[in-house]
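Student: Annotations for this protein, taken from Swiss-Prot, read as follows:
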{"type": "TRANSMEM", "residues": "3-23", "note": "transmembrane segment"}
{"type": "TOPO_DOM", "residues": "24-46", "note": "topological domain 'Cytoplasmic'"}
{"type": "TRANSMEM", "residues": "47-67", "note": "transmembrane segment"}
{"type": "TOPO_DOM", "residues": "68-101", "note": "topological domain 'Lumenal'"}
{"type": "TRANSMEM", "residues": "102-122", "note": "transmembrane segment"}
{"type": "TOPO_DOM", "residues": "123-206", "note": "topological domain 'Cytoplasmic'"}
{"type": "COILED", "residues": "140-198", "note": "coiled coil"}
{"type": "MOTIF", "residues": "203-206", "note": "motif 'Di-lysine motif'"}
Amino acid sequence: MEFLMTLVFLVLLVEIVFCTFFMLPVSMHLRKNVYNKLDKLFGGQNAKIFLKVLALLVIIVFCDSIVNSYNINKKLHTPELTGAKFDRQNEYTRMFRYQRNSYICGFCLYLFFLIYRSQGIISQLSNVEASKTAIEKQTKNNLNTVETLLSENEKLKTEIKDLKKMEKEHKAMKSQAENTTKEYLKLQEEYNQLLGKKPKTQKKDD
């Protein structure tokens, strides 16, 4: 039992150092780096098994200390044993030791679950930030694509406008050419009439 309590005390010291470090006014970047290194260190399968076994041992010592402390307290306050001859001072010393062990184990378990939960929260925050960075990058790429499409759309609108203008000019030139041809044929017909000649179409009919 003394060996287990020594082990629990060492674990408690490590947890206190760990929590004290993260209560210091250090940058969030440094905290994340430490958390990431610890996650790599204790994220393996063997490390997880070791931590679970260690937590189980602390829980066993905690429960054993509470049970023994309760039994000794009950023994000291039992009316039948009040007048019995036994070393009450020794029993009080044992009860004090078990109560001390229960306090140390309880605080150790509390810090253990606190650190475990904070590690999970930091891991979730890191994943959220990574997702946020990826989303921001994708959004930026989408905005660049949209800007490129809008620019191409403006160019297409300009080209369509120019094509419509050219089409109108072509229609105007075509109409003008048709009018010029009609006028030319009319003048040629009048000219032929003045010369007393028949049009080619009439000659073919003859």
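Note: Cβ is positioned from N, Cα and C throughout, glycine not excepted.
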Student: For the topological domain 'Cytoplasmic' (123-206), give the DSSP counts of helix residues, strand residues and coil residues.
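Tutor: Tallied per class, the topological domain 'Cytoplasmic' (123-206) gives 79 helix, 0 strand, 5 coil.
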Student: Which sequence-distant residues neighbour the topological domain 'Cytoplasmic' (24-46)? Criterion: at least 6 residues beyond either end, Cβ under 8 Å.
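Tutor: Sequence-remote neighbours of the topological domain 'Cytoplasmic' (24-46) are 119, 122-123, 126.
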Student: Which sequence positions outside the transmembrane segment (47-67), separated from its termini by at least 6 residues, show Cβ-Cβ distances below 8 Å to it?
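Tutor: The answer is 1, 4-5, 7-8, 11, 41, 98-99, 101-102, 105-106, 108-109, 112.
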Student: Pull the DSSP breakdown for the topological domain 'Cytoplasmic' (24-46) and write it out as helix, strand, coil residue counts.
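Tutor: In the topological domain 'Cytoplasmic' (24-46), the DSSP-based counts are 17 helix, 0 strand, 6 coil.
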